[in-house]
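Trainee: Shown below is the structure under consideration.
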Amino acid sequence: MSVLSVLFLLLFSTRLVSTEENLRTIGGIFYQDAEDMKVALKISAENYNFSVSIKEVSQRGEILEIERYVCELAEEGVLGIIDGIGGHASEHIQAITDMLELPHVSIQHIDLFAKNWSIINIFPSPIAYNKVLKSLVETKDWNNFTILYIRGHSLLRATELLRMGNSIDKRSVTIRELNGNDYRDVLIDAKKNGCVNFLVDCPARNLEQLLQHAQQVGLMAEEHSYLFVSPDLFTLDLERYRYSGVNITGFRIIDPAANEDLWKFTIQFNTETVQNLEPVQIKTEVLLIHDAVVVFNESLKKVNVTSTQLSCDNYDSWKYGSTLINFMRTNRVKGLTRSLIFDGFGQRNEVIFDLLELTSSGNQTIGHWIDDKLKIERPFIPDAQIGEESILKNKTLRVLIAPTAPYGYVKNWHTALEGNDRYEGFAVDLIQKLSDALGFNYEFILEENYGRKDPVTHKWGGMIYQLITEKADLAICDLSITAERQSVIDFSQPFMTLGIGILYKRPSKEPPEMFSFMAVFSKEVWYYMMLIQMGLGVIMIFVGRISHKEWQNPVPCIEQPEELSNQFSFANALWLIIGSVMQQGSEIAPIALAPRMITSVWWFFTMVMVASYVGILVAFLTVQKGSMPFQSLESLYEHKSISYGAKENGSTHSFFMDSPKTLHKKMYARMKEQGWLVPQNDIGVAKAETEPYAFFMESTSIEYTTERHCDLMQVGDLLDSKTYGIGMKKKSPYKRYIDDALLILKEKGEIQKLKDIWWKEKRGGGNCGQNSDEEEPQLEMKNMVGAFVVLGVGSVFGLFISILDMLWGVFKRSVKYRTTFKFELIEELKFVIKFSGSVKPVNRVQKQEGSLENLAEVAEGKDEIRSLRSIRSGRSTDTRRTHHSHSSRHSSRSLSVAFAKRREYS
Ligand code: GLU
């Protein structure tokens, strides 16, 4: 056997001996009334094969008794002591266990930051708490808050918060001590001083009373926000505070979803204590006792120790103590409260907290503290629950509305009406819909001034002031969401999008101009028409000349004419074209297929053009727009005879006042100087109608106005883009509910429906018809291009047919007169492209019939011969002159004559 195996056996046997021989006993010290903790220790010890020795202290603060019990436990040879006493008494346990070198496991917050070496504190350390609390206060953006703590307890967990009160952070922190059994006086005092945010650092046993007293003194309303340090807040029944609207945030350190051991422990605990608790209802200290036993158990798996009976009187110390303590501190263990990780001083630091909030639908986890970071994931409240959960239920809200059409109207017969019945409008209907969804009541307060920050005093006025000072709960009208306003109040989700436009008088209609008939078509169309007529004229001549059917006998009574004539001279072709355009026709009528085809396409084209022209001309001669004196902001500013303005104290006013653009600034200065600002939109509209006055108005209001005042219109583009929202005080508890309800209304199209009703139907909507501000139409090239294409395609096709016709004729002649096709083609083309001479000689004498001389005689003096001769000789000559070409097989004379002879009517 090797030495190693011997050693292994030895070690193994020693371990066996120690587990069997040493009874694994854990000591526990508790107050007599701490039943739950004692039960927890018993269950856990049983689960992990420990025996327990429990000492019960009869009275709180009995130091001597506590010290005696610690020594008794040491004498029994326990492996360590679980301390359920806490508070200052723990310091005494600490002192003795330090001397004895016995592990001392604490499960409660200790008010002293003890660095004594024997302690292991399973409760989250003050360092961990300080980090998470600081981060939460920053996230909640508390600028001032009050720390409430119980007399006799330190604020070790809130030291970072106390530092927040220094000048750099600019937060105001107040500390209030809760004393005795009645906290109400302190709380009333806090209320009188306007405290709304509270951090509560008190033990779990005081929580219930504190919550009750806070509710009794009226510190549990929507405006109040609490942050509780104790991880036991959500083990309490908070049902009675659910609908108060108060914001309560707290921690939990167990992981209820992912821990099988927790369920097992809960069942055992319920059985022992005859209770029916959920895991989340078990107090943290009870769970931590379980975790303390786990820490012992896991460490003892790694280190071999023998229990020893120790005496306080002899100042004994346990020789395995320091080893076991070190293992317990460095071993990473998983308990019911997630991972148990300690630092070198036995403090539990890397803690994972669940963050919970009390909402009207119960306790909700809103985020986590993990890896020293705050992760907020606020859950979405399903739509269906909004009405049910609403903290607005049965509340009566003071709602500001403005007498601005169509958002709010004071009914004309209002003297006979009372309360909310006096008003109607878009905003009134919208509030009603929100009230239906959220279950609140409301009373309207009329306010004309929307609110603007005074540039000198920096004070707010109007609706914004009323919301800031909580004189009203909501403001609903055409209230624009602006950054400046948002810095002092909150806005709901936007319910409308718009921009600033210019409202001005529509230019009056003028009598038609002298040449207004020309404006029916754009210039381009006119140019193309002219060009096409010229081009088509040329095409017609060409096609006419190459189509042999167009060569007609000019004297029908002569059967064998000597000449044929063609009607397509330039003048005739143009006459035919113009006659069609004018819908008059002409006596020129094409005969051959190709010219007929081209003429038909042209007729079709002219029909389309004329019909379009006539159609539009009517509109042109009846509607004639006058010219707008300005089209943009620049030209309005230049136009000295036109004044302009906006609604006073509104966002349009602020837009010009605060704009960085020089033009806006100049315009604002003039508006202000000249007193062109108006207190109400109605007044601006009336001025725009009666004076040369341009009114800067929001596009939604312009839309409303132009539906009713047909002589007004919007000029140019919008100057900006913004939205309307419902105003409420900063951090209003209603915001979330109103946002959700508004979103639902938007998605269902309810807001659009309301808009259609108040813009287009009620109170004179639809007065101006549909296209009141449409421009006169003008036919441009893009409108007429189809007709041009038909004409082009038809002409090309006709040209193609005429060329085929010509080639067929050329071919026939070349066969008949036994010449080459090419020769005939060249001769034909030469004749055609001459574009002159609408007479063609007909000489049908065959080669063999009669002498060439005779033929020449016949043809002499005729145009064609003349031309043929000149072609042959290569120059223009007198018809009487003869030419000789040495290069040809025949004399030029004889050839010319022969060609002339062949020009017969076939
Ligand atoms: N919507 C504007 C506001 O919220 C009022 C109208 C205007 O300024 O044109 O102040």
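Placement of Cβ uses the backbone N, Cα and C atoms for every residue, glycine included.
TrEMBL labels come from automatic prediction, so no person has curated them.
Below, the features straight out of TrEMBL:
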SIGNAL    1-19  signal peptide
DOMAIN    399-761  domain 'Ionotropic glutamate receptor C-terminal'
DOMAIN    406-469  domain 'Ionotropic glutamate receptor L-glutamate and glycine-binding'
TRANSMEM  525-543  transmembrane segment
TRANSMEM  602-623  transmembrane segment
TRANSMEM  785-811  transmembrane segment
REGION    871-906  region 'Disordered'
COMPBIAS  881-892  compositional bias 'Basic residues'
Trainee: Cβ under 8 Å to the transmembrane segment (602-623), counting only same-chain residues 6 or more beyond its ends: which ones?
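Mentor: For the transmembrane segment (602-623), the nonlocal Cβ contacts are 509, 512, 516-517, 519-521, 529, 536, 577, 580-581, 583, 776-779, 783-784, 786-788, 790-791, 794-795.
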Trainee: Going by DSSP, how much of the domain 'Ionotropic glutamate receptor L-glutamate and glycine-binding' (406-469) is helix, how much is strand and how much is coil, in residues?
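Mentor: DSSP composition of the domain 'Ionotropic glutamate receptor L-glutamate and glycine-binding' (406-469): 27 helix, 12 strand, 25 coil.
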Trainee: Within the same chain, where does the transmembrane segment (525-543) have neighbours whose Cβ lies under 8 angstroms from its own Cβ atoms, ignoring anything closer than 6 residues to its ends? I mean 6 or more beyond.
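Mentor: Contacts with the transmembrane segment (525-543): 518, 568-570, 573-574, 576-578, 581, 590, 592, 594-595, 598-599, 602, 609, 779-781, 784, 788, 791, 795, 798-799, 802, 832-833, 835.
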Trainee: Over the domain 'Ionotropic glutamate receptor C-terminal' (399-761), what does the predicted model average in pLDDT?
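Mentor: A mean pLDDT of 88 is what the predicted model shows over the domain 'Ionotropic glutamate receptor C-terminal' (399-761).
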